[in-house]
Amino acid sequence: MTNSNLRTENHFDYVKITLASPERVMSWGQRTLPNGQVVGEVTKPETINYRTLKPEMDGLFCEKIFGPSKDWECHCGKYKRVRHRGIVCERCGVEVTESRVRRHRMGFINLAAPVSHVWYLKGIPSYVAILLDMPLRDVEQIVYFNCYVVLDEGDHKDLKYKQLLTEDEWLEVEDEIYAEDSTIENEPVVGIGAEALKQLLEDLDLQEVAEQLREEITGSKGQKRAKLIKRLRVIDNFIATNARPEWMVLNAIPVIPPDLRPMVQLDGGRFATSDLNDLYRRVINRNNRLARLQEILAPEIIVRNEKRMLQEAVDALVDNGRRGRTVVGANNRALKSLSDIIEGKQGRFRQNLLGKRVDYSGRSVIVVGPKLKMHQCGLPKEMAIELFQPFVIHRLIRQNIVNNIKAAKKLIQRADDEVMQVLQEVIEGHPILLNRAPTLHRLGIQAFEPKLVAGRAIQLHPLVCPAFNADFDGDQMAVHVPLAIEAQTEARMLMLASNNILSPATGEPIVTPSQDMVLGSYYLTALQPDAVKPDFGDQSKTFAGLEDVIHAFEDKRINLHDWVWVRFNGEVEDDDELTSPLDTQILEDGTQIQQWTYRRDRLDEEGALISRFLLTTVGRVVMNNTIIDAVASG
């Protein structure tokens, strides 16, 4: 077995994101080749040679740093084939290995001057400003070379530690120091740029500052107390993670692997490249120029300007547009920085890591399924056959309908009646999970019993919509099939929609009728003002039972809001009913008929009920009958 085929399993307890020390950044990119040569530093802004189309050495796609661009082949072509594995070419210095190492091998750029990390400087809140207990504006003035900061006041009585000085003010101080009659022996020290910021952060003794803050907090209140607590919290986090504040200033920046920022040739011979390559190129160009200026001892003002430009180039690489002008490419389009790749809905985390496509899942538009029970959902046949395909194939073979998987797949493609019958058997008692993004609480994923339906839309019971915050204006939902018996049991016992009536947040019912259901119920039971109430005994409007009324309505012999007399021997409650009947009539056989506003009762001699007819509307009969059926079946 080759090394590439060996699968080493790493078991992680957790993933932690912390500040990286300069040594760690270097260790990511720096490697010692088998011949003892140390590689990793990217020093040239070039990407590929325009004639040979091969990566330039020490450039952004360098094969010596990142690995060969072709499997088992060095840059110059001296070594080819897998038999030379692990050899470093003595001519070009490229290690003979697989090209896929270019997906994970990193490089680094050694900066000629330190630069501040824009996330910690310009983030909200600004951690640099909080740690130094300085206004963000002052910190920015230092970093971007607008003001000097006093690092050591020396013997000068008018200067204070961390005081800001403009160019003119510092010149005046210098004149005082170097005047002939000056008594200052211990000269003050000032700094500017990220170097000065780094010095300030290095001077912080976190343990000592934390102790002072705790003492101050006990004796303060209001806004001052809140500010102190905020600073203490940041310092405590630095101490807990063993991170140093000066690590927020970078001496070297990592270069991500070249296959993660590719350069591809288009049909016309032109190249399309990742924006990161342009941003890295700007950093390398400015870094090399700064190193050259320092080498030739250029005037301070020129060096300082170059340092500021390097700072801005690194800012654009890390988070383009966070500060200053946004760097744009062709067509005035803003270049996509590292932050843009990571953050947002289309970013690496939400799109690729959290939003991965998984097997045994699908998604479709939801439509209302009014005939479904609450724990059921309508699953399109086309979707069900795909999701449950392995189960269907297994059952087809077990029932000797087909002999092998290939034959089973052909049968499934034809959508044979036997397949549909087997599919029906498979999904019987196999719950599925429905999820609607965004899943903001646990009821965003619930289990349902699938029912096969025609069409391509998932049918959903309207009562479960509030839990999903779903409506039927084009919303989509994802379907997942729990495979393991444990997962199916959990779905059935805990996640079934009919088991999630109450909101876990408030304890109040989350299954509440709304919109169409409320309007429909109102329309069904509403009274029509101009409807005529029939006399008792009217053959077309008097019925022997609730079912007869519904049959007459279905046959269109009566309308939904017509008044009817219907026989009903159950209990009746009416808040508007009078305390005594409107009229009582005693018949020859001793029975009596009581006439109320909305009912007519016939009682025997002892006052026991013989029969009862109610005056009601067809819609109310339908509503009542539906409730009785639901309670009886439940």
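Using the three backbone atoms N, Cα and C, a Cβ is placed for every residue, glycine included.
According to Swiss-Prot, the feature Zn(2+) binding site maps to Cys74, Cys76, Cys89, Cys92, an assignment based on sequence analysis. DSSP assigns Cys76 (Zn(2+) binding site) to coil in the three-state reduction, placing it in neither a helix nor a strand.
Annotated Mg(2+) binding site per Swiss-Prot: Asp471, Asp473, Asp475, in sequence order. All protein chains shown were included, and the count of other CB atoms within 10 Å of the CB of Asp473 (Mg(2+) binding site) stands at 7.
Those same-chain residues not listed among Cys74, Cys76, Cys89, Cys92 yet with C-beta within 8 angstroms of the centroid of the Zn(2+) site C-beta atoms are His75, Gly77, Lys78, Tyr79, Arg91, Gly93, Val94.
For the pair formed by Cys76 (Zn(2+) binding site) and Asp473 (Mg(2+) binding site), distance between Cα atoms is given as 61 Å, rounded to the nearest Å.
Sequence-distant contacts of Asp475 (Mg(2+) binding site), defined as residues of its own chain at least six apart whose C-beta falls under 8 angstroms from its C-beta, comprise Val365, Ile366, Arg436. Other C-beta atoms found within 10 angstroms of the C-beta of Asp471 (Mg(2+) binding site) number 14, with every protein chain shown included. When the binding-site residues Cys74, Cys89, Cys92 are compared by Cα distance to Asp473 (Mg(2+) binding site), the shortest distance belongs to Cys74. Those same-chain residues not listed among Asp471, Asp473, Asp475 yet with C-beta within 8 angstroms of the centroid of the Mg(2+) site C-beta atoms are Ile366, Ala470, Phe472, Gly474. When the binding-site residues Cys74, Cys89 are scored by other C-beta atoms within 10 Å, Cys74 scores highest.
Of the recorded residues, Cys74 (Zn(2+) binding site) and Asp471 (Mg(2+) binding site) place their C-alpha atoms 59 Å from one another. For the binding-site residues Cys76, Cys92, the greatest number of Cβ atoms within 10 Å around a candidate Cβ is found at Cys92.
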